[in-house]
Every structure is written in structure tokens, then in C-alpha cells.
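Contents: one structure, followed by commentary.
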Amino acid sequence: MIKKIQRILIELANIHRFVMRFYREVFMPPYEFKEIIRQCYEVGWKSLPLISLTGFITGVVFTNQSRPSLAEFGATSWLPALISIAIIRALAPLVTALIASGKVGSQIGAELGSMRVTEQIDAMEVSGTNPFKFLVVSRVLATTITIPILSFYTAGVGLIGAFLSVNQSENTSFTVYFDQVFEAVTYLDIFSLVLKAVVFGFTIGIVGCYQGYHSSKGTEGVGRAANWAVVMSMFLIFIEEILIVQIIQAMRA
Amino acid sequence: MLKSGGHIDRDTEVITVQNVSKSFGDLHVLRGVDLHLFKGENLVVLGRSGTGKSVLIKLISGLLKPDLGTIEVLGEHVDELSEKELQQLRLKIGFSFQNSALYDSMTVRENLEFPLVRNKRHLSRGEINHEVEDVLDAVGLLHTINQMPSELSGGQRKRIGIARTLILRPEIMLYDEPTAGLDPITCIEINGLINEVQEKYKTSSIIITHDLACAKSVGDRIVMLLDGKFEREGEFDQIFDTDDERVKPFYDYNFIT
Ligand SMILES: Nc1ncnc2c1ncn2[C@@H]1O[C@H](COP(=O)(O)OP(=O)(O)OP(=O)(O)O)[C@@H](O)[C@H]1O
Ligand SMILES: [Mg+2]
């Protein structure tokens, strides 16, 4: 038991050092612009199909599930406002981050893990390239930039999914629906979406890179790196979600 | 029947390792290693699996830090350098990894370009292409330039790995088991390549191997790592003129006596 706690504490200290190293190196030239853009493409473009599908379904399902409760009070006309607040404040960043930690986080963990195991990271280091900068900094920046963009996209797709459902059942027109949607949203809601998405994106990148970069030798090390990247980033995302909601509530008051 | 070695400058040491020890937990891998590499020399390091041969050259290139002792490369103390200085020094050291360590998300061309593009930023596109084709030709694999590492054979990967280190024109080459797991004909080719590199680029090299044919054909001098120390040193015939049970099997097995 004490051994286990000790190991968790050591792990936390290591992650802390890893994050500090990120902050130290992110501002130091040379900047790897080309690699950052390539990684943004990898992260963003490749998760687009899955995110589109999930975002759309989330919109439809959430609307269909909410309708009966509102119908009880004869308040189905509030549906667009409810949907927009739910999707933009809570669902879009969370759904995006959970999908991305499964898809992107595990990929980063496996990729860096196998580069560590096959000594490609060492090879970079001895040929005069800083592998932390080239591999880790570029990936973490890419997820931190891309997840917010993807979250807006998810929100858009989710709202369209919800519109189709509302249009079917309540005959609400496109303009009326989106007028009501945007009326309900405040700047603080948008801010909360961006804040969450940035924090989630950073978490996915840094956890995936940490697991891969410190992967143990052997092929089973690569599997474990990918696996832990997902488990740990999902866990952290839930904790961060709770904290950020508290902060935003405090700002709202 | 060792190589002539007339070009060796015995007054200049390019690598000096003194009394170096390295442990991982309770595992004492190196216990007081001394090693001297002279300019222009091919030094072969023999030793059983797990004796710390790879660890030794990782210490020399600064990938690992020694627990004790000093390592000097080209007149600089490796463990006292800042990260920047170490990076500069490493450009003069070519490291050919045991498993080649090619970047498997990149083509052969991109693998070779990588160190060049990143360290010689003044080069033009044309100059880079020329350099890449030049070293690729030197290892006889120009036709693989657009292939992915996964499409290459083990021997080809080894040679590409060597080419990638040659592209920065290093003064020192560290070869980690260049012939392990290859067929005899490919081994002979690689041995030829190592000797060619030494002559053409005037490098000093450490070659790690258990392959005595390789040791014999490329080594100017041989040292043997036994129980964490270099115990035997000399030319090929001197090394194996012994009844030491830790040494004899190497010879008997390789030459089927
Ligand atoms: N980073 C490391 N962490 C922990 N132990 C290590 C590390 N690197 C090497 N070792 C251990 O050090 C010992 C020597 O390893 P090394 O790779 O140098 O052997 P070697 O002489 O190159 O063997 P081989 O001929 O099989 O390549 C091994 O027992 C290995 O498990
Ligand atoms: Mg080895």
C-alpha cells in the first residue's frame, strides 16, 4: 500500500517535471512551425469523421431525450435555448475531448512509445535534434490549438443535429431555431467552451506524450503507454471539467 | 592478419574513457572501464551479450551519464557540457544503432535529410539532395531513396542507418553490432563499408560486435569487455592466445575448431 502511494507520488513528480520542461522549451527557439502544422493536421483532420458523427448523434439524442420533460410543462418552445446552453457549455467540449483522448491520445502514446522502444528518440538526440522539442512540444501545441477548433465544430454539428429533430417535431424553421439558439448563449458560455477545450487539449497532448516518451522497453511498454494515455487523460478531463464549472459559476454570480 | 593501419596517429586520443562505472539499480554493468581511441583507428569492442557494450557507447555519446569516472571526446568532458555544447559535439559523432533506429514514419530520403536540414540550415534544396544521393550511393542503396524503412531488409536498414550518420561527416563513428543477424555476404559488405568509411572520411571508430570475422577484418586493435572491465587488449591473435574460459568460446565458435 505504502509502495503504491510512493509510486503514484513519484509518477506525479515526474509529470510535473515533464510539464515544466514543456514550458521551458516551448518559448525557446528554434520553433518547429512545420511540424506543429503537420501535427495539427494529424490531430484535427483525422478525427473529423468520428467527431462529426458523434457530435451529430449527441445533438439528436439530447433533443429527443429532453423533449418529453419540457412537453409536460408545455414548454417545448424552450427546446432551442435549452439545447444551445447544454451543447455549448457542457457537451461540445466534453464530447470532443473524450473522443480525442481515445483517438489522438492513444495514438500519440503509441507513436512516441514505439519511437522510444526502437531508439528513434535516442537517434534524434545524437544527431543534434532536440527530440523533446521536435516531438513533444509540437504535439502538445497541436492538441491545444486543435481541440478548441474541433469543439466549436462539434457544437455546430450538434446544433444542426438538434435542429433536424426540432424541425421534424415542432416545425421550427431554420432562422427561428438559430435565433433562439444564439439568444440563449452568452459570452461567458463561449469563454467556458474555449477555456475547457484549451485545458482538455493540453491535457490530452501532454499525457499522451508523457506516457510515450517514458515508455518502458519492449512492445508491451508501447501498449501500456497507449492505454495509460487514454485512462489518465480521461480521468484528468473529468476532474478539470468539475473545477472549470465551479470557476465559471463563480464568475457568473 | 590485421589491417595495415598505417594512418593511425598514436599521439592524438579522440576518446578517453577513465575509470567509468555505471549501474542500473543493483545491476553493476560497468565497473571501472578505461578506453583510449586514437585518431584514425578502428577499435573493436568484444564482449558477451549484456556486458554493457551498448551502455558504453551511450555513455560516450552522452545519452547516459556515468556514475563515476570521466569521459573525454575530442578534448571535451562529455558529462560537463551544457545541452547546447553537447548538441554541437554530437554532430561530430556518428552513432549507428544496434537496431538501425530509422524513423519509420519517414522515407529513406527524409531519414537522411533529417540531420542535415536541421543542423545545416544554410544549405539549399539542391545541395541537400546532392548530399543525400552522395552518401546513399556510398552505401550502395541509391535505388531505395523513396522507400519506407519497413520495406527494407535488415541489412539494407543497417546500411541506411550508417549512411544517415555519415551525412554530417562525423569525425568519430560508433557502430553498435553492425553485422548482427545478417548473412555472411552482407556481413562482408558491411565490413567493407566500415573500412571504406574509415579511409574515405578519415574517421576514428569504435565497433561493437560478437562477430570475430568482422573484428578481424575491420579492427586495428581489439579490446574485450569481461565482467564490467576491459581485461584483454591487443591485436586479434594476441587476444585469443589464452586458456581463459570466458574468451576461448568466442574463437572456437566463430572458427569452428
Ligand atoms: N536504460 C536502462 N535501464 C536499465 N537497465 C539497462 C538500461 N540499458 C541497459 N540496461 C542493462 O544493462 C545491461 C547491459 O546492456 P547492454 O545493452 O549494454 O548490453 P550489450 O553488451 O550491448 O548486449 P548485446 O550484445 O545483447 O547488445 C543489460 O543487463 C541491460 O538490461
Ligand atoms: Mg548492445
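Backbone N, Cα and C atoms are what each Cβ position is placed from, and that goes for glycine too.
Counting same-chain residues at least six beyond the ends of the transmembrane segment (A:48-66), those with a Cβ under 8 angstroms from any Cβ of the stretch are 79, 82-83, 86-87, 91-92, 95-96, 99-100, 103, 150, 153-166. Residues or ranges marked as transmembrane segment by TrEMBL: A:48-66 (among others).
Annotation source TrEMBL lists transmembrane segment at A:78-100 (among others). For the transmembrane segment (A:78-100), same-chain residues at least 6 beyond its ends with a Cβ under 8 Å from one of its own Cβ atoms are 43, 47, 50-51, 54-55, 58-59, 62-63, 66-67, 70, 143, 147, 150-152, 154-155, 158-159, 162, 166, 170, 172, 176-178, 180-185, 189-190, 192-193, 196-197, 200-201, 203-204, 234, 237, 241.
Positions annotated as transmembrane segment by TrEMBL: A:140-164 (among others). A Cβ distance under 8 Å defines the sequence-distant neighbours of the transmembrane segment (A:140-164), meaning residues of its chain 6+ beyond its ends; these are 22, 26, 36, 39-40, 42-44, 47-48, 51-52, 54-60, 62-63, 80, 83-84, 87-88, 91-93, 95-97, 100, 104, 108, 172, 174, 177-178, 181, 193-194, 196-198, 200-202, 204-206, 208-209.
Counting same-chain residues at least six beyond the ends of the transmembrane segment (A:184-213), those with a Cβ under 8 angstroms from any Cβ of the stretch are 14-15, 18-19, 22, 80-82, 84-85, 88-89, 92-94, 96-97, 100-101, 104-113, 115-116, 121, 132, 135-136, 139-148, 150-152, 155, 224-226, 228-229, 232-233, 236-237, 240-241, 244-245, 248, 251-252. If you look up TrEMBL, you'll see A:184-213 (among others) marked as transmembrane segment.
Taken from TrEMBL, the feature transmembrane segment applies to A:225-248 (among others).
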Ask   = So which residues does the transmembrane segment (A:225-248) touch in its own chain, when a touch means Cβ under 8 Å and the partner is 6 or more beyond its ends?
value = 94, 97-98, 101-102, 105-110, 112-113, 188, 191-192, 195-196, 199-200, 203-204, 207-208, 211-212, 214-215
